[in-house]
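Asks: Relevant sequence annotations retrieved from TrEMBL are reproduced here:
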type	residues	note
DOMAIN	138-307	domain 'Tr-type G'
REGION	141-289	region 'G-domain'
BINDING	147-154, 193-197, 247-250	GTP binding site
Amino acid sequence: MPVTQLRYKIREAGFHVSPKANKIDNLLAKQILNALNQRVEIKPSTEPKEVVLPKVMSVKELAQILNLEISVVIKKLIQSGVMASINEEIDYDTAAIVAADLGFTVSEKVAPTARLGLGYVVEEIKKELSEKADQFVPRPPIVAVMGHVDHGKTTLLDTIRKTKVVDTEAGRITQHVGAYQVNRNGKLITFLDTPGHEAFSAMRARGANVTDIIVLVVAADDGVKPQTIEVINRAKLTGTPLIVAINKVDKPDSNIERVKKELSDYGVLIEEWGGSVPVAKISALTGEGVNELLDLILLQSEVLDLKANPQGSTLGTVIESHMSRTIGSTATVLIQNGTLNLVDIVAVGKAFGKIRSLTNGPGLKVKTAGPGAAVAITGLSDVPNVGDILKTYATLDEAKVHATALVRAERAKKFSGKKQLNILGKDLNLIIKVDVQGSLEAINEALAKLKNSEVKINILSEGVGEINENDILRAAAADGIVIGFHTRMSVQAAKLAQSKAVTVQLYDIIYELVEDLTLEVVEMLTPEVLRTELGRAKILAIFRTEKDKMIIGGNVAEGKIKDGVEFEIKRNDQIVGKGLVLELQQSKIKTNEVLKGSEFGCSVKTSNKILEGDILVIFEETVRKRTL
């Protein structure tokens with residue numbers, strides 16, 4: 001053994017010797033030998049490392065659970081044939097393989113079942129109705145005003161708001177809540193202050209729809225236009241009743257009869273033509289016919305027999321949410337049952353907390369909000385998603401458990417049955433079905449903009465009509481996705497898609513379709529791996545060698561060494577191997593990092609034998625998702 005290494009071991013044993021010493025006396029030598037024989041070396045943990053993994057998790061979450069650097073986990077995934085970015089989600093099976101390869105014993109976490117979406121609200125209200133029917137009272141209808149651009153929907157909402165908003169005190173604060181209530185002859189109507197707004201799309205994606213009635217605004221001088229048709233199709237898809245408001249009837253070039261005819265061409269048959277759809281002739285600018293429109297809404301509400309239990313379980317749906325720099329997470333919630341009170345404890349999707357404030361549409365702070373009301377709430381731990389369900393709980397701990405279960409269940413549901421897209425093979429295979437040929441042209445034009453040199457988009461088949469079993473079989477054979485635009489899927493095809501684990505995505509709005517496919521392509525792009533050298537360490541001693549593990553000692557020559565990072569073994573200016581730091585100690589105390597000029601001991605995982613005098617090049621890698 002070189003003299004320098006012997007001096008190192010003597011100092012490690014707690015004895016001081018001169019850096020230039022060449023010999024020691026017999027008594028000191030005996031003391032040193034006894035100490036070296038008795039000293040406790042750094043040993044790999046004999047206890048098995050056990051981890052519990054959820055059904056679905058992101059790569060970042062897996063690294064946190066394993067207490068390893070993200071780059072280590074990503075490299076292990078790549079070795080397993082999975083290209084995944086930091087925030088990309090992987091299933092339990094994939095994560096378990098990675099964890100096992102890294103020396104962990106794995107078991108699956110069984111999360112509480114969480115029922116998601118408006119279906120849960122509907123079922124809860126039905127349950128209460130059967131048990132407490134005497135507590136149910138009529139509630140205000142929830143109305144969305146929609147229509148083509150420039151047909152007057154915004155003007156109509158402004159007119160209603162200015163003249164009919166529930167009276168409030170002076171000095172109210174200014175805060176956009178996203179919905180407001182109007183009073184017509186002592187009865188309330190809740191209007192969504194977001195015509196054509198993203199909330200509707202997000203809730204549709206979850207199979208939900210908080211709107212009771214859609215007011216379809218059509219300009220008398222312009223007739224039925226593309227967005228008008230989109231609203232009609234949306235109403236049919238969700239089963240939401242329509243009321244047509246023919247606007248701008250005061251204009252000289254208005255043609256009401258043409259509007260009625262064009263509506264009938266798209267299946268909207270008005271009452272005076274023998275159908276079931278009410279019509280109001282209005283001028284949003286002058287206010288003409290607006291009262292009659294409100295009366296039609298109230299009449300339709302009576303027909304729908306909308307009721308809720310103010311004393312029952314408090315349930316609501318998020319229609320808007322954002323993060324405020326001054327007050328934190330804010331969400332606008334439509335209360336659909338029960339009464340929400342100040343300081344109530346709630347879970348809302350991934351968020352939970354105690355209600356700090358309730359603000360109604362006109363901007364007043366209130367203490368309660370009952371069925372049909374829309375209020376902005378603060379006090380949540382996070383920003384919930386549009387369409388998330390609010391529910392009250394007895395304690396914060398209970399709300400937190402439910403919020404966690406909710407987000408896990410939603411992620412698992414989204415992930416289950418979905419095949420990963422030939423990630424290593426760079427092909428995105430699509431089967432496209434639409435309502436009309438013009439839609440195919442629009443989709444193909446949009447897809448052309450996604451072309452790149454790395455990912456090939458293959459349209460295996462395209463056509464007009466509903467999605468059938470042949471489409472599913474073709475997608476299953478090619479590991480592809482079935483895209484439906486303004487169309488539906490047959491019952492048989494839906495069952496087959498489930499059994500074959502084929503992803504089927506249905507859209508009504510083209511920008512949502514393009515947005516999702518852009519994300520699919522981006523996920524398939526090989527991520528950039530950025531390497532950062534943290535430091536270099538010289539190996540001074542080898543304490544123990546096993547099959548794929550070693551216990552070594554050394555000195556940090558440059559930068560630092562960290563627990564859980566990777567290293568390369570450099571010998572005679574050549575890289576001869578690599579490994580992973582498993583545990584790091586300084587002065588026999590476990591630590592996360594050791595800086596330049598300090599000595600350390602560590603256990604490492606490596607299939608390459610490290611020798612005294614080798615240099616460890618310590619580095620970490622970050623993975624950055626690419627964009628188109």
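Numbers run from 1 along the shown chain.
For all residues, glycine too, the Cβ spot is worked out from N, Cα and C.
Relative to the rest of the structure, where do these features sit?
Replies: Mean pLDDT across the domain 'Tr-type G' (138-307) comes to 81 in this model.
Under a cutoff of 8 A between CB atoms, and with a sequence separation of 6+ in the same chain, the neighbours of D150 (GTP binding site) are A219, D222.
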Asks: Indicate the candidate from G147, K153, V249 with the smallest number of other Cβ atoms within 10 Å of its Cβ, considering only these binding-site residues.
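Replies: Comparing Cβ neighbour counts within 10 Å for the binding-site residues G147, K153, V249 gives V249.
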Asks: Based on DSSP, name the secondary structure state of K153 (GTP binding site): helix, strand or coil.
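Replies: The three-state answer is helix.
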